[in-house]
Each structure stands twice: as C-alpha cells, then as structure tokens.
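One structure is given below, encoded as structure tokens.
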Amino acid sequence: MSTPASAAPAALVRVPAGTTAGTAVREAGYPSKGPDVVVVVRDAEGGLRDLSWVPDADVDVEPVAANTDDGRSVIRHSAAHVLAQAVQQEFPEAKLGIGPPIKDGFYYDFAVERPFTPEDLANLEKRMKKIVKGSQRFSRRVVDSLEEARAELANEPFKLELIDDKSGIDDPEIMEVGGNELTIYDNLDPRTGEKVWGDLCRGPHIPTTKHIPAFKLTRSSAAYWRGNQDNADLQRIYGTAWESAEAQEQHLELLAEAERRDHRKLGSELDLFSFPDELGSGLPVFHPRGGIIRTEMEDYSRKRHVEEGYEFVNTPHITKGHLYEVSGHLDWYRDGMFPAMHIDEELNEDGTVRKPGQDYYLKPMNCPMHNLIFRSRGRSYRELPLRLFEFGSVYRYEKSGVVHGLTRVRGMTQDDAHIYCTREQMRDELATTLQFVLGLLKDYGLDDFYLELSTKNPDKFVGDDAVWEEATATLAEVAESSGLNLVPDPGGAAFYGPKISVQVQDALGRTWQMSTIQLDFNLPERFDLEYTASDGTKKRPVMIHRALFGSIERFFGVLTEHYAGAFPAWLAPVQVVGIPVAETFADHLFDVVKRLKAAGVRAEVDASDDRMQKKIFNNTAQKVPFMLLAGARDVEAGAVSFRFRDGTQVNGVPVDDAVRIVTDWIGRRENASPTAELLQSGREG
C-alpha cells in the first residue's frame, strides 16, 4: 500500500506572446479531463504559472499534470481556498489565517468563536461540493498598492499582518504573499463573471473549482497563529484532495491502515506501554511485555556493538551547566533543554549566601560527557579509533503540541556512540559506521532506505567555514559511495557539524528518520581533546556522533507500526502459548512449554476458563506468533498442532520437531511472521 506515483515530466509547449498558457496546452493536444489533465505550467525559470497566464514574449513551458507532486499541491491549495470560502459562508464572523498545501493534503486556520465539531466538518464538506460543482473560476488580480490591499482586507487582521510583514516572510507554508507584488485570487461566477469570494494569495491555482475531482475534510485541531504559542489561538481544519476519486480512496485506505497500526493504540491493546498523566507529557512507562521487547532490542544491539569494537560507558542524567557552556549547547540549544535546577546554595542564619549555588541541567545530549571520558587521561594514536557506546537517557523540552506517542517524547534513551579517530581514519570509519548502521536496521526488518545530507545552517553554527566544508564533502563522498539515493537537506545540520541521516520506509511506505551519523571537528576543539601521534606530537581527534535507533522509544514506536504489533518471534513478549482443546490435555502442553522454557523460549499455557476457540481468538489478538494446540490425537501421538497469526494451521507435529522448529525460528531471528506455508517449506527443506 503506497501513495499514488507521480507522472513523468511532460514535453515542453511553446506559448506565443499574447496567448494564454491554457490555450497553448489545449492546442498541443494535452488531456482536458482525467487524472492527467494539465492544471498549471512551469515557466523557464522553474516557477509555476496559472493556465490563464499570458506571456509578453514567446516562451516554452512545461505542462504540469494533476497527477504529479506539483499538480497535486496546486489542487490542494485551491481546495484550501474552497474550504475557506465555505467556512466564511457557514460562519460569517470567521477570520482567515493561512491555508497552504502540505504532504498529502492541506489545511486552513481560522479565528472562530468556538472549535469546529464533526458536524461542522460534514456541513462544510457539503458546501465545498456545491462550490466545486459550481465551477467557479480562479482569477488572479494584482493589487496596485499596499494601501489598496489594506483597504480591501480591512476586516481580515491576520491578512493585514502578512501584508505588513511581506518583505520579511520566508516561510513555504505562507502562500499569501511572495515575489515582488501583492495578488488576490478571486473566485468568479462562471456565468456572470462576478466575484463570489477572494483571498490574498500568490498562487498559482487551478483554472476552476471543477478541477478538484476528489477531496475530503479529515479533522480539526487547535493551532497558533504562525505556529507561535504567544500568538492568537486559532482553529485548523485539515483535508486531503487528489487528482481522482481512485487516488483519494487509495490514500484513505492508507490512512485507515495507519490508524489501525497506530503504536499508541496498539501499545494499550497489547499492554506494552502507557503515558500516565501523573508523570507529565512525553514521559512513557514500559509495561512488562513492552519491557521484554525493549530488552531484546537492546541486548541484540549490545551484542552487535561488541562485535564491531565498541566499548560501553555510562554517564549521569544531570550535570553542572558549565559543561553545556563549553559544548555550546546553552548558546545554541537552550530552548530544547529543561530549565536549570539551581542547587547546592548554602545560607547563613541571617539569610546571606555563605556558599553560592550552581545551575544543573538534565542532559539533552550525551556527547559532552563522552568527551570528558576521552579527556580523562592521555590518549595514544594506538587507541584510535576509540568507539564509546551508551544507552544514555536524555531529556529534551519538546512543546506539548508536538509531543506524539513514543515517536516524539521528552525523556528518551539513545543508543548513542561517539567515535574518536584520526583524520586519516575518518573516511573509512564513516563508511564502516554507515554499513554497520544499515546492517543492524536490516536485522530488525527495516531494509528500504535512502540517505539525507544535512548541511550548515548559516545562522546557527560553530567553527569556521573551511572545517564545515571539509566535513560536508567527506560525508557526501561516503554517502554517495554507499549506492543509496542521497537527498540534500540544506541548513538542517546541528550547530556543531553536518550529518547523514538514514531515512527508512516502513510497511506502509511512510518515511521515518532513523539513524544519524554526524562529523564534528568543533567539539574536540572546544573540549581541547588531544591524542599523541606516532611522531610524538599532540593532535586533535575527529569526532563522529552516531545514534542508530535515534532513540529506543522512537524505534520501538516505528517497529510497532511497521509490524502492526505482530513483532517478529524473536522480539515477541510471548513467543509460544499452549492451548489445550480441553483441560484434560493441559498437562501435555505444560510438558512442552517446560522444554521450550529450558531452551530460552518465552512460552506459557493458556489455563483460563475460556473455550478453546476463545483462547485462539484472544492470543491471535495479542499477536502471539506460535500457538500450540493439543487434543486427544496429539497427546496419543506425542505431538502438537501449530496455529499461526494468519489463521493457518499444521496438525500433528511431533513434539521434538515442534521444539526444534520454534527454537530454530527464534534463533535465526526471522522477521517474517511464521505461517503454515513457511513451516512446511522449512520442514521439507
């Protein structure tokens, strides 16, 4: 299941001076309806233009079809306008915020007297359908002056702010202003040409509302004006729009499946973790079953790190603030840290300070403490590369509005490593680290990757440009040599160095950022890290930051959704459950379970009072990979019958074979769910 693919770029079309782009496209024979209908064109500079655009001179343009990424984006932006028109018809007092297209959809923010209800969304959809059916024309109009724009939009305070801030806005989600002129898009009645509604917007838009063949409003939520919690409270409506009903249905099926796989829902249903209100937002607790999965994840990671030459360290959860002054975190990352704890102050009886206190912080990152371990004694080139590894707990102040289940938390455990090496070792160490990261992710069943290269943010970095350029070039070379697709992320690096991030696609085709590998020449300088080179001189090591899972919590959430809660048998909290056909046969299964437990398998017998079919139903719902059934024939033959998650079954398997099948499957760390077909093929093989 995946999002509909985009069409290939179209051949160029010549638009004569004085002719609309739409006329030239039609005369060139492009479709006038359907999912590949042309909705806008791309000019020679790469900008998107309305089909009503009339160039001053002959120009070649690229037709942009509805079933392309750009085409869908334009459809969604136009759908946002239709939504805003419907809202102001239904709620005349509503004030307009912004309404951009986003991935797979759009939203629009409104200042209204109360939150929107599901009934409101249903009514708004009906209004939108009438507007779409009315085939209103989108007409671009240049406003001659700021004064004229302010007068026309005098009742829209948020639009007035955008007009006043026009020159200082650099936000891709603000579609209202941009370029060298202010424009308003009017929706015109197709019969009379009269203006029905309008909005401040830089465009472009589809020719008419009829070019929105499929849309749906999905939800509403609270929002802040321009994303700042200090600004006005708004209400946001989200929707989706597509080039065809079929494409939208495919997307909605994907959303429904994603909802079924939501790790927050599965975490509760499978008794894996919870978020007690008493602890606070973004602070999960893992229950025994979730603890088993987490322990298995961590133990396998530890084993692989030992094999790769990593050494384990451990650091405290809090530190004096001075450490993060040295590292630069307090200068560049303070907003992401919890407030200081001022402690150790001692007072005299009269209240005067006898001993001043100090600021302590919960650590947001482990790297400064690992630097102290490196610096704790003299280091020789013979020790390098030195690979320090820790499951380190860190704490980051995420705003409550962005905290989301396990994938965005405030307290997390990182599988954090810092590698110290020479300049000569740097490239090979990066390449080895990347291959280790990719291999370990594959071991957990994630094998669809691409890489992202995050480069310097010119407004937020430490060090000099030459060092950054060298680090970036080295990372780019290593990433390109991996053979994976490399996508640029300009300005996305942390303040201390560029990074490669591994982007992983899950079973639904969604992309998650997982591992990061960051090259850093700056922190070794700030911490005065040195090693003795082979010629006896002191040199700075290169530092490589590397988190493979990103965080245990995030990785746990991603795996839960990737497997829809049906974890591979080697990770499953309960790997085998025995289900007797009747209580008479339970002892037979207890003997089998005893053998499995002795072999290290997490096995148990369902001794509840439920009937056999209910037990099968319950344990299937709990995603148990192996269910062993036993009736009279099984007991008589010294056998069991296998039942699997998918409902398939293999009867009469001798107990010795059954124990071997289960232990071999788990021992191989198979990530596929066992089935009758896989078991039979394995036995035959």
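The backbone N, Cα and C atoms fix where each Cβ goes, glycine too.
Here is what Swiss-Prot says about this protein:
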DOMAIN    1-65  domain 'TGS'
REGION    262-568  region 'Catalytic'
BINDING   Cys367, His418, His545  Zn(2+) binding site
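For His418 (Zn(2+) binding site), the number of other Cβ atoms no farther than 10 Å from its own Cβ, over all displayed protein chains, is 26. Taking the Cβ of Cys367 (Zn(2+) binding site) as centre and 10 Å as the limit, one finds 22 other Cβ atoms among all the protein chains shown. If you draw a 10 Å sphere around the CB of His545 (Zn(2+) binding site), it holds 22 other CB atoms from the protein chains shown. Neighbouring residues of the recorded Zn(2+) site, listed in sequence order and excluding Cys367, His418, His545, comprise Met365, Asn366, His370, Asn371, Asp416, Ala417, Gln518, Asp520, Leu523, Met543, Ile544, Arg546 (Cβ within 8 Å of the Cβ centroid).
The DSSP secondary structure for Cys367 (Zn(2+) binding site) is helix. When the domain 'TGS' (1-65) is classified with DSSP, helix, strand and coil residues number 7 helix, 17 strand, 41 coil.
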